[in-house]
Amino acid sequence: MTGLSTLTEASDSRKMVDPYGRTISYLRVSVTDRCDLRCFYCMSEDMTFLPKADLLTLEELDRLCSAFIAKGVRKLRLTGGEPLVRRNVMSLIRSLSRHLGTGALNELTLTTNGSQLARFAAELKDCGVRRINVSLDTLDPAKFREITRWGDIQKVMAGIDAAQAAGLAVKINAVALKNLNDHEIPSLMEWAHGRDMALTLIEVMPMGDIGQSRADQYLPLSMLRARLAGQYTLTDVDDSTGGPARYVKVNETGGKLGFITPMTHNFCESCNRVRITCTGTLHTCLGHEDASDLRRPLRASAGDELLYETIDRAIGLKPKGHDFIIDRHNRPSVSRHMSVTGG
């Protein structure tokens, strides 16, 4: 990926501001919808993935990300699916890291299930990645296999070990699942904090058909927080990493605990994020079906002006917020899966 321009600070005329005055500075990009696990709250076991020919090339993803950086994005997170299963994805990460060197980008990071981390951790650090999120819902090997349908937790643990050895800061993301891992959260938190890792808890979101009712999985984090407050001293902290989590300090462990609550207390009022799928579809809101095709303008011209115009039109339609609903009749609020949208 040579010959691609480097960027400097976005001019005010290019910055993205939505109709509600929110400046867009955070881009999440799904580099693939594929994953080597099948977490039951995320996708069905017999998930049909997109034809590889439908995906943007790595060069196109680089150009698209660079266009958003030119328009004021300061934080870029690569997601999936599982981003590290995309062939040659490290060449994309290394190329995007040039924007860290110019100062146009403050942070380049990714969310991963950890299965490939042992292989890539050192190279990620070498590319300028400083911290990563690892999705891990349990410490129990049998329960991990149940949730992921076939995953080996030892691979994830080896990946976390490799990431910390490489000097990467690791944050653990865990989806709170009713009657499955909710009573394990204290031990998961103490384990994470004991290894100098923050833990962020996430409510189940009604995205995509998974073949079962999410009402059976959904646990309001307000209930879980109240339960934890009976065991630990939780002190609110104003410590945002640019995402939707609200953090507390756990006095007994000294660590941070985050809550992402799209169902019980959405985070729309401060939303600074948009998402791009691996096919070049721009979603300005996680909870709405509305989307804009960026692949067409990307391929229509070697220049970026048409792409900028399409992005600006989409940002101008960004909704004020979403209202997710867990439907007992097993109908998702949003038809697309999180693995396609970019988790």
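Using N, Cα and C of the backbone, Cβ positions are placed for all residues, glycine too.
Note that the coordinates shown come from a computational prediction; the quantities given were computed from them, not determined experimentally.
Quick look at what Swiss-Prot annotates:
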DOMAIN    19-244  domain 'Radical SAM core'
BINDING   R28, R77, T111, K171, R273, V274, R275  GTP binding site
BINDING   C35, C39, C42  [4Fe-4S] cluster 1 binding site
BINDING   Y41, G81, S135, M205  S-adenosyl-L-methionine binding site
BINDING   C268, C271, C285  [4Fe-4S] cluster 2 binding site
Listed binding-site residues C35, C39, G81, S135, M205, C268, filtered to Cα within 10 Å of R275 (GTP binding site): none
Rounded inter-Cα distance in Å - K171 (GTP binding site), S135 (S-adenosyl-L-methionine binding site): 9
Among C35, V274 [binding-site residues], residue with fewest other Cβ within 10 Å: C35
C-alpha spacing of M205 (S-adenosyl-L-methionine binding site) relative to C42 ([4Fe-4S] cluster 1 binding site), in angstrom: 9
Conformational class of C285 ([4Fe-4S] cluster 2 binding site) under the three-state DSSP mapping: coil
Helix, strand or coil at C42 ([4Fe-4S] cluster 1 binding site) [DSSP, three-state]: coil
Euclidean distance between Cα atoms of S135 (S-adenosyl-L-methionine binding site) and C271 ([4Fe-4S] cluster 2 binding site), Å: 22
Per DSSP, three-state class assigned to R275 (GTP binding site): strand
Spatially closest candidate among C39, Y41, M205, C268, C285, the listed binding-site residues, to R77 (GTP binding site) (Cα to Cα): C285
Closest of C35, G81, S135, M205, C268 to V274 (GTP binding site), Cα positions, binding-site residues only: C268
Distance from M205 (S-adenosyl-L-methionine binding site) back to C268 ([4Fe-4S] cluster 2 binding site), taken between C-alpha atoms, in Å: 15
Residue pair S135 (S-adenosyl-L-methionine binding site), C35 ([4Fe-4S] cluster 1 binding site) - Cα distance, angstrom, rounded: 13
Number of Cβ atoms other than its own within 10 Å, given for R28 (GTP binding site): 23
C39 ([4Fe-4S] cluster 1 binding site) and G81 (S-adenosyl-L-methionine binding site), distance between Cα atoms, whole Å: 11
Secondary-structure category, per DSSP, in which C268 ([4Fe-4S] cluster 2 binding site) falls: helix
